[in-house]
Amino acid sequence: MTLTVFCILLFAALLHASWNAIVKAGTDKLYSAISVSGSATLIALVLLPFSPQPSAASWPFLIVSCALQVVYTVLVAKTYQVSDMSQTYPLMRGTAPLLVALISVLALGDRLSWLAWSGIGVICLSILAMAMNGRMQSRKGIWLALLNACFIAGYTLVDGTGVRLSETALGYTLWTFFMNGFCLLSWAMVARRREASGYLRLHWKKGLLGGVGTMGSYGLALWAMTQAPLAVVAALRETSILFGALIAFLLLKEKVAGLRIAAALGIAGGAILLRLA
């Protein structure tokens, strides 16, 4: 992996942790997630006329990805309603890269060096150790996080294939966010118009900030998928756990101590292995 791709993925990880913190800090987690997705939709709508368009071969992947990411966004909100971000965020993000690595190698033909496998393993084990440290406060939150990990792996694999076929990472990214946010906003306006409209009016600034964060984070990751193996990109992107733990401690006032500090060092070590792979 080149230094450029490595640094871009670290920046994408910071953006990812930031928009998750915005959702977690919202007074209503579901509407907060919808405000983030809706803002990304508006940004995409403005930029789409000036962007190259994805090839026809990538559209089936865009549609499947949309369905998976809509469920993912709702599950993120539901998970944060019943559990701490510092516990379930690592669990969601740490399990998915293992699934991506196995499926991308077995089904998609990606090849990984032993150093890459080592880096992926160290990152995933460190993330899971961070999640398991301390008392499990919500069994439901843990199961929701594990379920969401399956959806994360699913849309990562689908988008990794789709963006390679699209011939334009920018166009693929914009259509991804336009479709996802449009579905969520449409549901909110039909099913819960009054509550959703009120929340969006009050918190649109945070939603816009989160929209920039989520679009920037995933857009950079999609571009990286055209430059490096899916499993390596997926694992390195999960260094967002480091930023997530810091945000949870400093801004959300959650306890982050003990094994989580050692796990954070493990994640950093795994990232170095991937840089060398």
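Just so you know, the numbers here start at 1 and follow the chain as drawn.
The backbone N, Cα and C atoms fix where each Cβ goes, and this holds for glycine too.
Per TrEMBL, domain 'EamA' is recorded for 7-130 (among others).
Residues or ranges marked as domain 'EamA' by TrEMBL: 140-274 (among others). Averaged across the domain 'EamA' (140-274), pLDDT for the predicted model comes to 86.
Annotated transmembrane segment per TrEMBL: 30-50 (among others), in sequence order. Long-range neighbours of the transmembrane segment (30-50) within the same chain, counting only residues 6 or more positions beyond its ends whose Cβ lies under 8 Å from a Cβ of the stretch, are 19, 22-23, 73-74, 76-78, 81, 171, 173-175, 177-178, 180-182, 184-185, 188, 195-196, 199-200, 203-204, 206-208, 210-215.
According to TrEMBL, the feature transmembrane segment maps to 57-76 (among others).
Among the features that TrEMBL reports, transmembrane segment is placed at 96-129 (among others).
Residues or ranges marked as transmembrane segment in TrEMBL: 141-158 (among others).
Taken from TrEMBL, the feature transmembrane segment applies to 170-188 (among others).
Among the features that TrEMBL reports, transmembrane segment is placed at 208-225 (among others). Remote same-chain residues near the transmembrane segment (208-225) are listed as 5, 8-9, 11-13, 15-16, 18-19, 22-23, 32, 35-44, 159-160, 163-164, 169-170, 172-173, 176-177, 181, 233, 237, 240 (criterion: CB distance under 8 Å, separation of at least six residues from the stretch ends).
Outside the transmembrane segment (231-252) by six or more residues, the chain places 1, 6, 9-10, 12-14, 16-18, 20-21, 24-25, 84-86, 89-90, 93-94, 96-97, 100-101, 104-105, 110, 112, 116, 119-120, 123-124, 127, 130, 153, 156, 160, 217, 221, 224-225, 260, 264, 267-268, 270-271, 274, 277 with a CB less than 8 A from a CB of the stretch. Positions annotated as transmembrane segment by TrEMBL: 231-252 (among others).
Non-local neighbours of the transmembrane segment (259-276) in the same chain are 1, 3, 6, 10, 86, 90, 115-116, 118-127, 129-130, 132-134, 232, 235-236, 238-239, 241-242, 245; each lies 6+ residues outside the stretch with a CB under 8 Å from one of its CB atoms. Annotation comment: TrEMBL describes 259-276 (among others) as transmembrane segment.
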Within the domain 'EamA' (7-130), how many residues are helix, strand or coil going by DSSP?
107 helix, 0 strand, 17 coil
Spatial neighbours of the transmembrane segment (170-188) far in sequence, C-beta under 8 Å, 6+ residues away:
31, 33-34, 37-45, 47-48, 51-54, 58, 62-63, 65-66, 69-70, 73-74, 159, 162-163, 196, 211, 214-215, 218-219, 222-223
Cβ-based contact of the transmembrane segment (96-129) with the transmembrane segment (141-158), 3 or more pairs under 8 Å:
yes
Within the same chain, where does the transmembrane segment (141-158) have neighbours whose Cβ lies under 8 angstroms from its own Cβ atoms, ignoring anything closer than 6 residues to its ends? I mean 6 or more beyond.
61, 64-65, 68-69, 71-72, 75-76, 78-79, 82-84, 87-89, 91-97, 99-100, 103-104, 108, 131, 230, 234
